[in-house]
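Participant: Before we start, here is the structure in question, set down as structure tokens.
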Amino acid sequence: MKISIIGTGYVGLVTGVGLASKGHQVVCVDVDSEKIKKINAGQSPIHEKGLEALLKKALAKKLFSATADLAFGVQQSAVTFIAVPTPSKKNNDIDLSYVKKVSQDIGLALANKKEYHVVAVKSTVTPETTLKIVLPLLEQYSKKRAGTEFGLCMNPEFLREGSAVDDFTNPDRIVIGQLDAKSGDALVDIYKKFKTDLVRTSLNNAEMIKYANNALLSTLISFSNEIANIAEKIPGANAFEILEGVHLDKRLNPIHSGARINPEVLSYIYPGCGFGGSCFPKDVKALAAFAKKKKYQAPLLAAVLDINKRQPLRMLDLAEQKIGSLKNKHIAVLGLAFKPETDDTRESAAIPIIKELIARKAKVFAYDPVVNVNSKNSHFKSLAIELPGSLHETVKNKHACLIVTNWKEFEKLTPEFIQKEMANHLFIDGRGFFRGKQNEEINYLGIGLGKDKKSTHLS
Ligand SMILES: NC(=O)c1ccc[n+]([C@@H]2O[C@H](COP(=O)([O-])OP(=O)(O)OC[C@H]3O[C@@H](n4cnc5c(N)ncnc54)[C@H](O)[C@@H]3O)[C@@H](O)[C@H]2O)c1
């Protein structure tokens, strides 16, 4: 099938390259000419495992190309996916300006096309957006009727950054919201080589499935953090052990043939310094804002967001417990990406942590194995932080070290190095990274860990 994808970011590029790898002819469209140049040269503009290799293969097979010409993309294809951003607005609603703009542009392109064409929204949009905003714009600008002259679908994406290529090519499900059966059939055809569960449903349900899914996972994280925050009040308590005890409930972790299946959902039932990324915070906020517009207050979602907003700053509270005021203290922050294996820093817990450290007049030294702090849209460029450039230099001689992202590389920090090179040997672990591995000589505090035995105050 000939496919065009509008928006060549994490979702659009992975979708494009993934569909080309299944034999489809794909053209990706973006307004960012630098990105297009890079992609056509076989370079992935994002850090995503396996993406560049798959991109190179697709280009070599001539199954994939990128362009800035949206009308050309639509003309060249039978199905167009919309994969542009839907960022949060100040009122927590989503900004639909990108989706509206491309709906208009696709509409104009459709006006000049004779053949039946299907438009599929892949961007995460709140219920009724596809039906009440995208459809009318497509009709208005194409002067064609949805359902007869063109088809419309809502096909939410569930890939996770860091494992996006594998998630896309081996999905756990494909959800196809369809205006009518003919629209849905086109997407079923595209995905026929994917062996997974297929959900065919309404446009509104498809939009809501995505939000319900992300709200559930975010709720598990905030629930775990609530338990951790309570556990910290109990001397010697350990929220990891507590939640791992919960994990053994056979309704969460069934036993099959005498062995636990250890489902991945358990990884969301751990304490930490909060969830980030381009999806969870934005999607929970958007769902709460949508509910409010529908005159439902959504108290659970409000609590999930409230806990998550406070959680990163608990790292600073823990540091202050040990070293008092952070003024003029030298603090290392390890990890800027919102999670390992990605360079995405959107809503990363490192952002509020660093901003608050600066507000409390600490001197901040940061390190991340892949994030480019000086990139165009960097969240850290304008912040007064030092970048010593290596893990060990970042940690050396600092009063405290905060682990914000659990990058594997941080395992290189041996207890011997910390003891020899770090002023106070103070580690604040926001991800349970070193739990069980800490050395008696290291001052180790973590989210969800009750006060340690040596509650000495360090200066
Ligand atoms: N990133 C994820 O893990 C993920 C997962 C599932 C769903 N989503 C959703 O998918 C959508 C896209 O997210 P993303 O992370 O890929 O965004 P992104 O910011 O990485 O990429 C979006 C791309 O769209 C391009 N763009 C903007 N306006 C355009 C226009 N008028 N024409 C052509 N291109 C245009 C931008 O230049 C950018 O390259 C969002 O709604 C997001 O919520 C994201």
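Just so you know, glycine gets a Cβ as well, placed from its N, Cα and C.
Below are the features listed in TrEMBL for this protein:
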- D30, K35, T86, T124, E161, K282, R346: NAD(+) binding site (BINDING)
- F158, L159, R160, E161, K210, Y268, I269, Y270, P271, G272, G276, K339: substrate binding site (BINDING)
- C279: active site, nucleophile (ACT_SITE)
- 332-436: domain 'UDP-glucose/GDP-mannose dehydrogenase C-terminal' (DOMAIN)
Participant: Between the Cα atoms of D30 (NAD(+) binding site) and R160 (substrate binding site), what distance do you get, rounded to the nearest Å?
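Facilitator: With distance taken Cα to Cα, R160 (substrate binding site) is 21 Å from D30 (NAD(+) binding site).
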Participant: Between T86 (NAD(+) binding site) and the residue listed as 'active site, nucleophile', how far is it from one CA atom to the other, in Å?
Facilitator: 10
Participant: Roughly how many Å separate the Cα of I269 (substrate binding site) from that of the residue listed as 'active site, nucleophile', to the nearest whole number?
Facilitator: 18
Participant: Anything within 10 Å of T124 (NAD(+) binding site)? Look among the recorded positions R160, P271, G276, C279, comparing CA atoms, and list what you find.
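Facilitator: The recorded positions passing the 10 Å Cα test are C279.
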Participant: List the residues of the same chain that sit at least 6 positions away from R160 (substrate binding site) in sequence and have their Cβ under 8 Å from its Cβ, in sequence order, or write 'none'.
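Facilitator: Residues satisfying the criterion: D167.
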Participant: Can you give me the Cα-Cα distance between P271 (substrate binding site) and the residue listed as 'active site, nucleophile' in Å, rounded to a whole number?
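Facilitator: Rounded to the nearest whole number, the Cα-Cα distance is 19 Å.
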Participant: For the domain 'UDP-glucose/GDP-mannose dehydrogenase C-terminal' (332-436), what is the mean per-residue pLDDT, to the nearest integer?
Facilitator: 93
Participant: Which binding-site residues from the list K210, I269, P271, G276, R346 come close to ligand 1, meaning a Cβ under 6 Å from one of its atoms?
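Facilitator: Qualifying residues: none.
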